[in-house]
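Residues or ranges marked as transmembrane segment in TrEMBL: 25-47, 81-103, 115-133, 169-191, 203-225, 325-347, 354-376, 382-409, 421-445, 451-469. According to TrEMBL, the domain 'Major facilitator superfamily (MFS) profile' annotation covers 34-473.
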């Protein structure tokens with residue numbers, strides 16, 4: 001091997017070796033803190049999405065209540081409107097929660113915001129549980145709104161907390177806790193919603209009210225763990241509190257983490273937490289903002305909802321009896337959950353860029369295959385089974401990167417003073433996209449060719465990731481910021497900004 005080759009690549013090989021040594025297992029305290037934050041956080045988000053997926057009993061309740069009040073059956077249009085209001089209340093609440101979550105995380109701290117957020121979950125559980133005995137379907141609307149606020153705050157604040165308590169070498173794996181618990185929540189909701197458990201007509205109010213259980217668990221467990229060390233030192237200037245939190249989370253050998261946080265504090269000296277509008281005007285983070293807006297919009301608009309929409313139809317086409325489809329659907333939830341766990345184990349080895357870029361690339365291929373299999377659905381008895389394989393392949397590809405890495409990048413691309421504002425913007429875009437896809441979805445899904453739209457989205461995002469986003473694995477927040485600022489696009493932006501100031 002030529003000597004100049006070794007001279008060039010030996011430092012990189014040594015760095016990879018050092019990085020692999022750094023990526024040790026997290027302490028027990030750190031793992032328990034992750035579980036405490038997630039069980040009442042993004043677990044709730046996934047759980048409350050899946051338990052509302054059986055509308056028949058709620059339709060019957062609304063019709064019965066309407067008939068008792070007005071002595072006439074409700075019209076189909078009004079019933080559809082009320083059901084749509086109940087469902088959309090979740091996304092509207094999520095948008096509100098994302099908007100206030102970042103502000104609360106600065107004023108109260110990450111941990112205290114997560115604890116206070118359980119007020120919304122408990123209020124929602126009370127309203128949803130009382131709706132049937134009180135004969136008030138309006139309580140379902142308000143209850144789902146509060147459930148959405150809880151989810152919006154959680155998905156805004158919890159990833160910040162996980163990213164800030166984790167050491168640099170484990171930040172990706174810890175950040176995957178968000179995705180793992182979302183998929184775990186979805187799977188739990190699917191299982192609990194089976195007819196053998198709480199999926200029967202007489203139990204649906206209990207099913208909707210069961211959202212109080214994760215809230216109580218978080219209120220019991222999370223107080224035993226510390227606030228984010230970064231928040232304590234950089235936002236509050238509490239050195240003793242920061243050192244105490246680091247020791248509890250990482251053990252006695254936490255000098256490297258303390259040095260990283262101290263360096264970031266010195267670099268941000270004199271700066272305060274930015275408001276969203278201030279961040280939008282800051283040209284130095286323009287590419288970071290564009291990145292998180294694009295990734296959060298794509299997370300909802302990439303076709304994952306269309307896949308779940310077509311799943312039941314494809315299962316029926318494959319000859320699966322209608323009463324057995326809920327059990328097969330659990331398979332899709334388990335598939336996504338296992339993929340999130342796998343991604344958590346791979347992220348510190350393969351890096352963020354490879355996983356999220358590779359995920360969108362595989363989803364692009366699945367969109368092509370899915371369009372072909374749906375087009376020739378009746379050509380052969382084997383085609384429906386190929387379509388089912390495409391469903392699981394698409395879900396695996398989504399869970400491999402886009403499902404989990406998006407939130408990690410939102411944490412990593414910003415420093416402490418910008419992160420909360422970035423999460424407000426990212427969360428608002430994510431929830432608006434969620435609402436938008438629910439609104440226009442019936443018009444998009446006009447046949448198998450709707451996946452060509454999703455193909456364009458997935459391919460465009462994959463291309464953007466490979467061309468623009470740097471790898472963030474094993475880098476401090478300051479190193480990531482400097483790497484973004486040194487890219488050709490950002491250098492041009494900074495030069496323009498300097499010229500404007502002059």
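Backbone N, Cα and C define each Cβ position, glycine as well.
Unlike curated entries, TrEMBL annotations are predicted automatically.
Using a Cβ-Cβ cut-off under 8 Å and counting only residues 6 or more beyond its ends in the same chain, the transmembrane segment (382-409) has close neighbours at 155, 159, 163, 171-172, 175-176, 178-180, 182-183, 291-292, 295-296, 298-299, 302-304, 307, 310-311, 314-315, 317-319, 331-332, 335-340, 342-344, 347, 352, 355-360, 362-363, 366-367, 369-370, 373-374, 376, 469, 472. Here the transmembrane segment (169-191) touches the transmembrane segment (25-47). Their Cβ atoms form 3 or more pairs under 8 Å, with each pair 6 or more residues apart. Regional average pLDDT for the domain 'Major facilitator superfamily (MFS) profile' (34-473) in the model is 87.
Outside the transmembrane segment (203-225) by six or more residues, the chain places 29, 32-33, 35-37, 39-41, 43-44, 47-48, 51-52, 54, 57-58, 61, 111, 114-115, 118, 121-122, 124-126, 128-133, 140, 143, 147, 150, 192-193, 197, 248-249 with a CB less than 8 A from a CB of the stretch. Residues 40-41, 44, 61, 97, 101, 104, 108, 139-140, 142-147, 149-150, 153-154, 157, 204-206, 208-212, 214-216, 218-219, 222-223 of the same chain sit 6 or more residues outside the transmembrane segment (115-133) yet have a Cβ under 8 Å from a Cβ within it. Sequence-remote contacts of a segment are chain residues at least 6 beyond its ends whose Cβ falls under 8 Å from one of its Cβ atoms, and for the transmembrane segment (81-103) they are 48-49, 52, 55, 58-59, 62, 74, 113, 117, 120, 137, 140-142, 144-157, 276, 420-421, 423-424, 427-428, 430-432, 434-435, 438.
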